[in-house]
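Everything on this sheet refers to the single structure shown next.
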Amino acid sequence: MLGDPTHLWGHSEPIWAVTFSPDNRILATGSQDTAVCLWDVKTGECVATLKGHEHGIFSLCFSPDGQYLASASQDKTSRIWSMLTNEEPRILDDHDGAVSSVVYSPCGQFIATASWDKTVKMWDATDCTVLETLTGHSACVQTVAFDPDGKWLATASQDRTAKLWELADAFGDPLSATTCVHTLAGHTDYVLSAAFSSGPTRLLATASYDTTARVWDVETGACLIVFDDHDNWLCSVAFYPDGTLLATTSLDKTTRLWDVSTRRCVHTITGHTDGVRSVAFSPDGKHIATGSQDKSVQVFTLAEAPATEDSSAAYDRPTTAVTSRRQHQRGSDAGQRSACWPEQQHEEDDDEEEEEEEELDSPSVQDQEDLADTAFQEKEERHARHYEASPRPTTNHGNRDPMLATPMSWASRQQPSPSVSLGGAADTPISGSAELHNQTHSLIVNEIDRHIMRLDNQFKSSAEYSQRAMQSQTEFWQREHHELARKLDAMQLTIQRLQQDLDCRKAPQNTASVENIKLWIVCMFAVMVFAIGLEVGRFLH
């Protein structure tokens, strides 16, 4: 399915945004190092570097005609760069917080930006004026997306929800306000990314720090699918151009490709040495790019897309579905066996499903126990790898439950529970059936695993955002210090100039005073000589 990746190195900090140009020739990447790099997709060479932002780049989006590139930054601004000329970028600076996402409308006449100030703003793409401000989220808005028809707008927030806004006549009639039609609730942590699909049935995918991705029906707001196979926070989602595939990225260092109609993971992309922050398909569907915290970009060439079921037929009657571990494993194996996903592969999978269903129609108690033990052990090993790979702060946060610091061992889970006796000489242990025991065991272990993952995510989320806040405060006070030092230097220079002016003004006055004193002395001397002359004259007479 995927060829060998092309690795792009050029950024000095983690990469937060990747996007392809409409003509599939240019890949734009944005990084925490404040730079935007433009890469030739065929050669893998960096053809240009755009600099101007003061802080990291969160989001990038090309205009539909490819003549402009919009960037969103933590410096509270968005910039519109011309791809045809070297003119200075236009700046959108009406937000009061970091701009986390920017996107062009399908018609190219409007721009939407999302911000940590809890708002979404609509801009005129020509004169960069604000047309409308959308409010409704109770926390930072992380992403904004237009649907391919330009009728819907999706926003996702740290308030754990996504919202769907209807844009009909929103910009043509000043009296018509954009309205929130659906609030999509279901995620249990921050929602970081959202993407629309194409096709007759409009779908919206969201990614969350709760380690799941959800697929929603745009018309009804119903949750159709929950993908929960990642081992860490999800950061980004993107649909294949025809809507048959969904890509999800995670801090578990992988990108997974899901067949939306069959709800299976058909391929897992590895190779990054740190969390994967962003993903994008090229408009022609021939390439997929991923940006990572390891400061690199991977670009893969995709084989022909699989022949999947029509998404409209798959979702005529919306039903919530959660993918199973068995489906994930079989889908992954199928993706590895077939490089181009032949149609007969689905028939083989269907045959395998029928065989497994026949085998599991009437399993024995021992078979149930073996299957449960194997599944639990796989999950335990997966969680153990996650905990070993995840960085841990050294700060002691009080008396935390020991099982939150390290995963519960499989041996401890296998300890038999004590038998209950009624007393008397003929005490007899009371025990339930093996099936009831397995069900109870499964529920308890699953709840413990979910609790561990949830608390661990909350802890790391708190630590990460505390670190970001401290870093932002440090940068703020450093800027304030430099600004005060600059003002002090300016004041000292002004004082020196005033002193020089004062000295220059005093100099002529001092000169005049000396001349006056000299004249007064001469006059007094003349008077004294005249008086002495009179006295001498009298004496002689």
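Cβ atoms are placed via backbone N, Cα and C, with glycine included.
Please treat TrEMBL annotations as automatic predictions, because they have not gone through curation.
Since we're looking at a predicted model, the values are computed, not measured.
Annotated features in TrEMBL:
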type     : residues : note
REPEAT   : 8-49     : repeat 'WD'
REPEAT   : 50-91    : repeat 'WD'
REPEAT   : 92-133   : repeat 'WD'
REPEAT   : 134-167  : repeat 'WD'
REPEAT   : 184-226  : repeat 'WD'
REPEAT   : 227-268  : repeat 'WD'
REPEAT   : 269-310  : repeat 'WD'
REGION   : 307-369  : region 'Disordered'
COMPBIAS : 346-369  : compositional bias 'Acidic residues'
REGION   : 381-433  : region 'Disordered'
COMPBIAS : 409-420  : compositional bias 'Polar residues'
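When the stretches 8-49, 50-91, 92-133 are ranked by Cβ pairs under 8 Å to the repeat 'WD' (269-310), first place goes to 8-49.
Secondary structure by DSSP for the repeat 'WD' (227-268): 0 helix, 23 strand, 19 coil.
Packing against the repeat 'WD' (92-133) from elsewhere in the chain are residues 55, 58-65, 68, 70-80, 139-146, 148-150, 153, 155, 157, 170-171, 177-178: each is 6 or more residues past its ends and has a CB under 8 Å from a CB in it. When the repeat 'WD' (184-226) is classified with DSSP, helix, strand and coil residues number 0 helix, 23 strand, 20 coil. For the repeat 'WD' (8-49), the model's pLDDT averages out at 97.
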